[in-house]
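K.L.:
Among the features that TrEMBL reports, GTP binding site is placed at 200-207, 232-236, 254-257, 320-323, 340-342. For S207, T234, the entry in TrEMBL reads Mg(2+) binding site. According to TrEMBL, the domain 'Hflx-type G' annotation covers 194-362.
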Amino acid sequence: MIPVITAGIEAQQENFDYLMDELAELAKANSMSVVADVRQRLQKPVSATYLGKGKIAEIAEIARETNAQFLILNDELSPTQIRNLEKDAAISVLDRTELILEIFSNRAHSKEAQIQVEIARLKYKMPRLRVAPDIKLDQQSASGALANRGAGETKLELNKRTLQKRISFLSHELKEIDKEFEIKSKSRRNSDLPSVALVGYTNAGKSTTMNGLLSLFSEDEKKQVFEKDMLFATLDTSVRSLSFSDNKKFLLSDTVGFVSKLPHNLIEAFKSTLAEVRDADLLIQVIDVSDPHLKEMISTTNKTLEELEIGHKTMIYAYNKADKISLEFPTVEGLNLTYSARDESSLQELASLIKKSLFPGYQKMKFLIPFTSGAYLESLNSKANVLKTEYTAKGSIVTAEVSPIQAKYYSKFSWNPDENKTSAEEI
Ligand SMILES: Nc1nc2c(ncn2[C@@H]2O[C@H](COP(=O)(O)OP(=O)(O)OP(=O)(O)O)[C@@H](O)[C@H]2O)c(=O)[nH]1
Ligand SMILES: [Mg+2]
């Protein structure tokens, strides 16, 4: 663990304590341990140095005493602020954005995630490029201060162009990968299966919930996704197809978690990964109910969804980890579920909430299918949830649960023994 100091300015900032606690968690996720947490109350950050003079001196002192390696700031700083702070406090400075980018970079395994993170890092770096004034970059023309500056600027231009080229190259690569994803997700969309996406704050238990649902529906261990007690365990989106025992199918996706002030470049870069969320028919927001900051976490998630331009969608609020505190579970109230992703009856409740939300308007109907229309009987058997089949002289009488579309499709066979017309019952 690398010793670090965290610091932040409380400038009419909402939830300041929460943000500072979160910053410490982010540092931990990056193998750093916080040896001191310095907070300053100011109207607004000092434009040249972010923190005030006194606080900087205090930090320099702490750094000397504790041997802290980095000073981590709670906001995104300007290049000048970072430079001045590093000089005055005599310690390397990282801002919140860089820290998040660093964690993402360490966690990225797939080619797509690696490219997305690298693009975000380069875009962060671009306006911060500078040429160290004491390095003579062009020995031949470094005869005077002005000449030196000119050479530096040229070098800077060159560096910028190199970065820009790399960003273009990576963006092109990403587009190629996305094309493959797009084909896959298009074929999924064409399959007409409704889709559900798990969203929420990082470490809330999305992947554990996904795995719980998967084991409820299938015994195939290979379908399971990675889950771990750490921030941003998941960076890639995984999609699985699930089928209820009555043949109703849907797609379930697990994706990257959110955190406050997620860098804008990172959100931009991850937009394609988050396409499954954008296209979902239903969102399940997983919340760690045992965390005292759950309200802030919900608002962080909702804000990030807004930033991703994910419009208003039906959302199940799934309050997870109820087993960690003395809360009764599972309990359901409308679209709110209190549960534990490690508890089977909880997962069954969640599955039935998903079913109710995804398949409204299903009805139980009776059909009389003449023997001459065997193909219809076959398709009913394979596509609908057939509850009962009776064979009579006139044909097969099938009782089945059907979707509104199916009800229309098979309507010419609908049969009611009493009135001889459609018999439908909401379920
Ligand atoms: N006690 C308890 N722990 C849980 C429960 N659900 C998940 N966890 C634990 O919480 C940690 C995080 O779970 P994940 O499923 O990886 O969380 P996530 O939301 O996918 O996190 P990221 O992928 O990092 O965004 C793991 O150690 C899980 O075992 C639960 O219901 N009860
Ligand atoms: Mg996960």
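Just so you know, glycine gets a Cβ as well, placed from its N, Cα and C.
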K.L.:
Running a distance check here. Ligand 2 versus the binding-site residues N203, K206, S207, A233, T234: which have CB less than 6 Å from one of its atoms?
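P.N.:
From N203, K206, S207, A233, T234, counting a Cβ under 6 Å from ligand 2 as near, the near ones are K206, S207, A233, T234.
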K.L.:
For the binding-site residues A233, V256, which Cβ has the most other Cβ atoms within 10 Å, all shown protein chains included?
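P.N.:
The residue with the densest Cβ neighbourhood is V256.
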K.L.:
Ten-angstrom check, please: count other Cβ atoms within 10 Å of the Cβ of S207 (Mg(2+) binding site), all chains counted.
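P.N.:
So the number of other Cβ atoms within 10 Å of S207 (Mg(2+) binding site) is 23.
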K.L.:
To the nearest Å, how far is the Cα of A233 (GTP binding site) from the Cα of S207 (Mg(2+) binding site)?
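P.N.:
Per the Cα atoms, A233 (GTP binding site) and S207 (Mg(2+) binding site) stand 9 Å apart.
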K.L.:
Give the subset of the binding-site residues K206, S207, A233, D236, S340 lying near ligand 1, defined as CB under 6 A from any of its atoms.
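P.N.:
What lies within reach of ligand 1, judged by Cβ under 6 Å, is K206, S207, A233, S340.
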K.L.:
Report, in whole Å, the straight Cα-to-Cα distance of S207 (Mg(2+) binding site) from K321 (GTP binding site).
P.N.:
13
K.L.:
K206 (GTP binding site) to T234 (Mg(2+) binding site): how many Å between their Cα atoms?
P.N.:
9
K.L.:
Roughly how many Å separate the Cα of S207 (Mg(2+) binding site) from that of V256 (GTP binding site), to the nearest whole number?
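P.N.:
The separation of the Cα atoms works out to 10 Å.
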K.L.:
Go through K206, K321, the listed binding-site residues, and name the one with the sparsest Cβ surroundings, counting other Cβ atoms within 10 Å.
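P.N.:
Each of the binding-site residues K206, K321 was scored by Cβ atoms within 10 Å; lowest is K321.
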